[in-house]
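What TrEMBL annotates here:
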ACT_SITE  Arg269  active site
BINDING   Gln89, His91, Glu126, His250  Zn(2+) binding site
DOMAIN    6-144  domain 'Phosphomannose isomerase type I catalytic'
Amino acid sequence: MTAHLLEIIGDVRDYAWGTPGGVSRALGRPATDEVEAELWLGAHPSAPSRIVDADAAGATDLAAWERSTGTAVPFLLKLLSASSPLSLQAHPTTEQAVAGFAAEEAAGVARDARERNYKDASAKPELIVALEDGFEGLCGFRPLPATLEAVAVLAETAEDPAPFAEWERMLRAEDGVRTAFDWLLSGGPAVESLVRQVTAAAEADPARFELPGRLAAGYPADPGIAIALMLNHVTLQAGECLWLPAGNIHAYLRGTGMELMGPSDNVLRGGLTPKHVDVPELRRVLDFSTGEPPHLAPARVSENVVAYRPASLPSGRGVAFALLAVTGDDVVTTSGPAIGIVVDGAFTVTAGDEAIELPRGGVVFVTDAATLDIRGDGRFFLAAG
């Protein structure tokens, strides 16, 4: 099948944690005071990207294009801009998503219902590349000694150290991370006292306990304030990347990044949010293993192209996407549908006898496998299957 180049327009989502004018600023568009959290580029039915020349494509948007061609867009590309923390969350595997979606469909839970967990039957592994210095996030349970040290430091400041002793006892137990996590989310007087005291420590010494203070300012009394101390706290510089497979607990805190994920909107939340929280379902999908932050180093493909390509999921299944960052003239070969966006500068993309000129903020959809001649200077991100 011959690949075609179609200009598309993504939908900007206005979630509360977004940045006023954040997406517009990142793409050099006119300033706006409206909250802009995510620009969605893909075929997900919640917000399919619109096709500018619908007559040429035979479809008005990418969801309709999928239906008419029988070809899937195997990823969802987003530009994310956060001014405040996102929820503590994780995403399911394919098997979990298929089962969860079927169960909610059978139960008659409306797909737009607040309590709906599974909007679709797809997994949502994801990677995020910082577009600017200072992108912050929480990702994965950190090594146990680091958590125990944080608990000990806070216990020294506490008026009532008993809840901290209980927290430490649970962490040191067999399967301690899971045990402590369950305890913190179970609530009760001891957990409430612990969270109050962590918040008080942050108020008394904001430089030393900046993160819990920031979380408490947005979500007072939320046990996620304490859970955050069990997670890796990472600050990325521009071009650095995190890889978050299914089951990884995480929460982006602030910054702007390019995010590539499975074609899904399945989010299971545990705190730090006004949205629906389902602790039992979150627990069911979580990976409680501990480790260092899940950085993903880019691989040099050619002079002006690097690729962010996860090797595999924990179960060994291959990942069906990669994110390429192009900074100058080069040639890229794709094996299926692709979506590209210009973040800085301007580029021209050519496939066969078709070419499209893309200014900053311009987006192209490549309909099939192709050899793309890319010319320009700046930053062009290409999501490919």
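In case you wondered, yes, glycine gets a Cβ from its N, Cα and C as well.
Predicted automatically and left uncurated, TrEMBL annotations should be read as such.
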Across the domain 'Phosphomannose isomerase type I catalytic' (6-144), DSSP labelling yields 31 helix, 41 strand, 67 coil
For the recorded Zn(2+) site, whose residues are Gln89, His91, Glu126, His250, find every other residue on that chain with a C-beta no more than 8 angstroms from the centre of their C-beta atoms, and list them by sequence position.
-> Ala90, Lys124, Leu244, Asn248, Ile249, Val267
For the domain 'Phosphomannose isomerase type I catalytic' (6-144), the mean pLDDT of the predicted model = 97
His250 (Zn(2+) binding site): secondary structure state under DSSP, collapsed to three categories | strand
